[in-house]
Amino acid sequence: MTAFFEALLANPAVILTVGAFVIFFLPRHLACAWCLLVTAFSAIKLYTLGLGEYGALHVFGEQLTTVRVDPLSRIFAVVFHIAIVLNVIYAWGQRDKAQNFAMLAYPAACLGGVLAGDLITLFFWWEMAAITSVFLVWAPGTRVTYLAGMRYLAIQILSGVLLLGGVALTYRETGSFAFDMMGLRDADGAVKISALVMFLAFGIKSAFPLLHNWVQDAYPKSTLTGAIILSIFTTKLAVYSLARAFPGTNELIYIGVVMTLFPIFFALIENDLRKVLCYSINNQVGFMVCAIGLGTINGAAGYAFGNIIFEGLLFMALGAAMHRTGTSKATELGGLYKTMPVTMALCIVGALSISAFPGTLGFVTKGLIIDGAGEAHLFWVWLGLLFASAGVLEHAGIKIPYFTFFAHDSGQRPKDAPLPMMIAMGIAAALCLGLGIYPDPLYALLPDQAAIADYHPYTAYHLIEQLQLLLWAVLAFAILILVKWYPAEVPSTNLDTDWFYRVPGRALMSWAAGASRATWIALWGIFSGRVQALMARVYSVHGPEGEMARSWPIGFMALWTAILLALVLVISFIA
Amino acid sequence: MNLIAQLPVLPIIIPIVAAPITLLLPKGRVPHLWACLFSWLTFAACIALFAEVSSTGPISYHLGDWAPPIGIEYYIDLANALVLLLVSGIAAVVFPYAYRSVQLEVDERQTPLFYGALLICMTGLLGVTITGDAFNVFVFLEISSLSGYALIAMGARRDRRALTAAFNYLVMGTIGATFFVIGLGLLYQATGTLNMADLADRLIGQDNRMVEAGFAFILVGMGLKLAMFPMHLWLPNAYTYAPSAVTAFMAATATKVAVYVIIRFIFSVFNFDFAFIGAAFTYVLLPLGLAGMFVASFVALFQEDVKRMLAYSSVAQIGYMLLGLSFATVEGLTATLVHIFNHALMKGALFMAVGCVVLRAGSHSIYAFAGLSKRMPVTTWAFLISGLSLIGVPLTVGFISKWYLLQAAFEAGHWYAGFLIVASSLIALAYVGRVAEVMLLREPAEDGKYAMPKEEAPLSMLIPMWVLVAANIYFGVRTDLTGGIAQRAAETLMSMAGGAP
């Protein structure tokens, strides 16, 4: 038993989880300070552990490794800690115990998953992440969020069930629970069922195309702080898992490219800016998935690191605007720069970073991926990623700050963001710029040091390529503004008429988005109708008045016994 | 004649001597303390026996020094040592728990009768498990059943429906026992012996109609006792209207012992050379196990009465046990044995939690559970944790059961069964979730029928309940105890039956 507790105490995720439960017993005003303290403990634990495997447990007669710190899990663990600290500071003074609990327990679960050295541990934290995060979706406490939370939970649990199935199958095949590189195909090139099931489980959590709807469904319905936390962890845990188990899997390249492209169309016509950012999560994770497919794990891990910071910064800036104005609709925001200049400036830093302007965190991390595609001589993939990068600039880099702080003047004159929010955003922005100019500490954390040794972000080629892309995109935007093709009253989609996709045009995009939405609604309608009919039928048979649940007279029970006896006799005789 | 040499008989002798004396004691506290003491002594004897068997191997004990097959033999190997440990262990926590609950639910004049009957019931179940003599199984089965009928009928003080429930159970249980004894008669006709080991020897090569019919009667008779779907109809009412302590004890032990008897007969008396064993696995146990898993789970989903819901859930859980058995592999048998043990832990704890609610709210309707987390948080959490275990959440014993079962299903090549196991767990999630939602999110009733004081159950009930809850977690983490023992037991049984190891 002592070995068991030692194994638990070696785990930073357990420290955070226990800390999360303590919140229920603390006075409300101490919760945030406590969160910081616990996070500090956890970070120190992580630091003192150093690289290696810890927390060995004997279960099922198998050796489990509950904590594995290697270069790949370390970079995720580090950035998760940074993210927790940012979130806690941002949410300083938050009184809701359930949210404060989830603010610590949910990242803890994802951290546990990242540190898991075996599949059983991974499954445990995988499900913990699902269960703890749903409190954030439920936090606003309305019926809409309750239902959204249930849908979210169902999908997350489905992913967990698939994972468990994959674990069981893998165990059958290999006799081991080790969580290592598995690959989608065996030596003969045939698809392994076990790996495929697990691939799907990871795919749901990382929101592969067509498996992505839960992100837009659940995240924007959460609270201000809830949405920020949600946006960070689940998908990154999935990215980590993919990077661990399926590096260099060709299918991921194409899945990733589709992931980077399709959300752009949705994002451009979306009016709710929080939803725009949710699409942006899909798009950003797409870059990471693509990088995993290309085998540039550095790119995936590095970009995940960067993305957590700058995507978080955008969410926080938008959240601050929402906090002051109560809305995140593009049509209702605008002109806030006059009274929220600091938030505006910080938001722009995030926007520059996500668009990968030189001198920002985005530039030094995204280059790793684009370079990987170029070196792999996959022209179409490279082009797709470039195109997607320009799309990022339009929908996240320009749309978010422009419609929030500029565009038409909404007439609102709110105060600038409160101090804690300002501090959190300030730290994030400082990281964006600091690591953008001096990326060496980040590069030192990357998993594949051999590959990074002769990589230099600020070469002439990289700079020219990126600046060309960005300048053309900005130019297109500027011209649109100047010639006033850009009615501020309908600030939804004109941004997409830039030099990249002038041909398909807005109509096609609206049509595509509308059609897929309609298909989805129709399919869902059929599905839920069927389920309701089925449940009604099940109820009529199994409900309290149904045949299956009635108290039958003795004669009937005896009759059943006789029937069964006859059946067994016949079976025995003819066997 | 030292005590260690007589160890195998102690788990029977201790309670069977204590039980009649209970009847002579004055009503009130004394019979309870007396019964508690002896249930603990029995538990201690069972632990000693278990330790002995697991270190030195199977024990054969000749009653009165009459050598088998003439005399009665007690035969203890790992499989029944585990079940003995389980039955006596559950008794050891239910007896202390019973006092306050019985005070409320049973007529005070009946307390000596109640504890006496409970001791006898335990003796019967232990006897069924320990004996190596087929007819002795029948005798002990009747001992446990008759006292069981009386115990269930004692719930009549709170709800008169307990009487009809007990009567139905009496009729059905007697039919089951009669079938069983008819089966034994046929086997005796064919072989001229009743000792299990001897039966196994003499049955070799006897693949005739008499043996086949004997098997059919035994399987159906025991199937009735263990509430195999669709012969489960007596169970929901019996469990719902019995006093809480009786339900907790019987749900955790009675059906498990019947499952054990089926295992014992299939693997130690018959063997895989009989074609009907394989046929029974494929055409009876597998489909009925699966049907029970779903039908009973769906019924549980819509119940308004928590105790009844748990009773139906028991039928579903028995489906898992039969399913594991029907794979006819070491893994499957291991899964069944593990689940016998684990299910007793979770259902025991759940029914005890319901008993605590009945004590304070006076009802086991789901409406009595509204806002329970505000009124009885300790009980609520006991229910929740054991409920999670019932669903099969990791770190609880339920997960271990499901894990072994899934492994066995995949091993046996029954992919669909693996899928169905997960699917039926989701139904369990729904019906446990329903109660959880009511307990955690609803507001407690302020007045009316279900209003209750903000008062936790007494410690004498909470401590035994939490012992079981803790066991749910402990054995969910330390699987070498249950899993390892069950695996060894399964390997032994399988080699007896001549199946593939």
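Heads up, the Cβ atoms here are built off N, Cα and C, so glycines get one too.
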Transmembrane segment per TrEMBL sits at which of B:137-155, B:460-478?
B:137-155
For the transmembrane segment (B:309-328), find every same-chain residue at least 6 residues outside the stretch whose CB is under 8 Å from a CB in it, and list them.
226-229, 232, 235-236, 238-240, 247, 251, 255, 259, 262-263, 266, 272, 277-278, 281-282, 285-286, 288-294, 296-297, 299-300, 303, 334-336, 339-340, 343, 347, 350-351, 354, 366, 390, 401, 404-405, 408-409, 411-412, 414, 417, 421, 424, 428, 431, 435, 499
Assess whether the transmembrane segment (B:241-263) lies in contact with the transmembrane segment (B:413-432), where contact requires at least three Cβ pairs under 8 Å among residues 6 or more apart in sequence.
no
Relative to the transmembrane segment (B:413-432), the stretch among B:6-25, B:275-302, B:381-401 with the most Cβ pairs under 8 Å is B:275-302
The transmembrane segment (B:381-401): which same-chain residues, six or more beyond its ends, come within Cβ distance under 8 Å?
313, 317, 320, 335, 338-339, 341-343, 345-347, 349-350, 352-354, 356, 372, 425, 428-429, 432, 435-436, 439, 462, 465-466, 468-469, 471-473, 475-477, 479, 482-483
